[in-house]
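Q: Let me give you the structure first, and then I'll get to my questions.
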Amino acid sequence: MFIRRGYALLAQEDPLLHRALVAEHQRQDGTLMMVASSSIVDPSVLACMSSVAMNVTAEGYPGARYHAGCGEIDPIEQYAIDRAMAVFGARYVNVQAHSATTANYAVMSALLNPGDVILGMKLDQGGHLTHGFPAAYSGTYFQAINYGLDNNRRIDYKQARELALEHRPKLIVCGATAYPRTVDFARFREIADEAGALLLADISHIAGLVATGLHPSPVDHAHITTTCTHKQLGGPRGALIMSGRDAGTPFGEDGRTLAQRLRSAIFPYFQGAPILPVIAAKARMLSLVQTEEYRAAARRIVDNAALLASELAGLGYQVITGGTDNHIVLLDFIGQPISGLVAERALEDVGIVVNKNHIPGDPRPSTVTSGVRIGTNSVAQRGFGPSEIRQCAQLIDSVLRAVRPLGERDYELEDFTRQAVRADVRKLASQFPIPRYVPVDRRQPSE
Ligand SMILES: *Cc1c(COP(=O)(O)O)cnc(C)c1O
């Protein structure tokens, strides 16, 4: 209703912007999105975001409608909270964070004092900017130290423990952004307990697998769990802050519990007013996550990634850790003429979208890299199974074998390969349209 009317007005009054949105839909429909952080947002989630809930502001509604620990909670927000609790088994949930970046910094601002030490995973070994990347903190707020990977490119728990016991961080952050293996949250909790630290688990990348039991849950191991809602969960851009068993644990001098401290972390102090339509969209997404269709898609995500890893390894590619437990397949081009950037650009040229990725021991700068990160979320949601994934591996191989790097950024790809792979990509994409979307007009957007 809102969307149909809105699009009609947009087409009439702002054809330039309308055409750009239609072209974006056509692009998504006709390409294979294999970026690890991608997923497909259900039209009913899109509808929540485009709803009258946008007219509600923190100041514009009578009473304390938002969850700031001081009054009633909006019913829409309460649905999101209840569903997040059901999906993740959490005892405390805050659904207001605009992004996982904001969520992580809000948690830190609620629990730490300036100058406190944080122990997080190295950025260039799979960690995230917000997990204690020293330059991001620049010594202003917190001091960051980092653990990394061992020689097998698995999380080095021994190093994490040694650093924790030596530096006594107030907070340990676990969870990664480019790590293809299971994270042992129980082990991180042991380390945190031994060092007297709090544990924050950021499951932004694997939240859909955690929600469906395909990856162990950190919610009762970590003191706080954060996740963005727009990666594997297929929700709106935003995040959740959760606490499990430790929600009622008193923390700090005044004896307030973790949940009480987190309650005012986001609103009003750290981030400002929540966005009600986005909270509605989170509530809708959290209902979809509980369906059998979502569970089946999550299983396909994992199965597809494992098969893609073994197919690519069979074709001679260096797959980091030799395989994957989640949705991520990392390829290693160290010592080869092809850079991650050239691989990304050449694949995008034929309609396969992946991203370059800095990998451990990478001699190339982070703008170029020697790796690519491939993810199976979106193609699994479109319904890809084993035979389509085998075909994806063949298509990726055709391009990477044919591409001739010209330095670190440019390349040549013979026209025959480009046209042939493009045609196969378009065919695959058209056989698996984006589920539940109105079919796209496949004519070129120029008309
Ligand atoms: C993507 C990601 C984030 C950042 O998410 P935003 O919502 O875009 O800020 C945070 N943590 C991890 C581990 C991520 O992968």
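Placed from the backbone N, Cα and C atoms, the Cβ positions cover glycine too.
Where the annotation comes from TrEMBL, it is an automatic prediction and has not been curated.
The feature (6S)-5,6,7,8-tetrahydrofolate binding site is assigned by TrEMBL to Leu123, Gly127, His128, Leu129, Glu253. Under the heading domain 'Serine hydroxymethyltransferase-like', TrEMBL lists 11-396. Per TrEMBL, the feature N6-(pyridoxal phosphate)lysine maps to Lys231. Residues or ranges marked as site 'Plays an important role in substrate specificity' in TrEMBL: His230.
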Q: Quick one: Cα separation, the residue listed as 'N6-(pyridoxal phosphate)lysine' versus Leu123 ((6S)-5,6,7,8-tetrahydrofolate binding site), in Å?
A: 19
Q: Report the binding-site residues (Leu123, Gly127, His128, Leu129) that meet this criterion: Cβ distance to the nearest atom of ligand 1 under 6 Å. Use sequence order and write none if nothing qualifies.
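A: Once distances to ligand 1 are taken from each Cβ, His128 fall under 6 Å.
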Q: Would you mind pulling the longest C-alpha to C-alpha span across Leu123, Gly127, His128, Leu129, Glu253, which the record has binding (6S)-5,6,7,8-tetrahydrofolate, in angstrom?
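A: Spelled out: the longest distance between any two Cα atoms in Leu123, Gly127, His128, Leu129, Glu253 is 33 Å.
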Q: How big is the gap, in Å, between the Cα of Leu123 ((6S)-5,6,7,8-tetrahydrofolate binding site) and that of His230 (site 'Plays an important role in substrate specificity'), rounded to a whole number?
A: 21
Q: To the nearest Å, how far is the Cα of His230 (site 'Plays an important role in substrate specificity') from the Cα of His128 ((6S)-5,6,7,8-tetrahydrofolate binding site)?
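A: Cα-Cα, rounded: 16 Å.
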Q: Report the same-chain neighbours of Gly127 ((6S)-5,6,7,8-tetrahydrofolate binding site): residues 6+ apart in sequence with Cβ closer than 8 Å to its Cβ, ordered by sequence.
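A: Non-local contacts for Gly127 ((6S)-5,6,7,8-tetrahydrofolate binding site): Gly120, Met121, Phe133, Asn146, Val173, Ala176, Thr177.
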Q: Counting other Cβ atoms within 10 Å of each residue's Cβ, which of the recorded positions His128, His230, Lys231 comes out lowest?
A: His128
Q: Tell me, if you would, which residue among Leu123, Leu129 (binding-site residues) has the fewest other CB atoms within 10 Å in the structure shown?
A: Leu129
Q: In three-state terms from DSSP, label Leu123 ((6S)-5,6,7,8-tetrahydrofolate binding site) for me.
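A: It is helical.
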Q: Measure from the Cβ of Glu253 ((6S)-5,6,7,8-tetrahydrofolate binding site) and count the other Cβ atoms within 10 Å, all protein chains considered.
A: 6
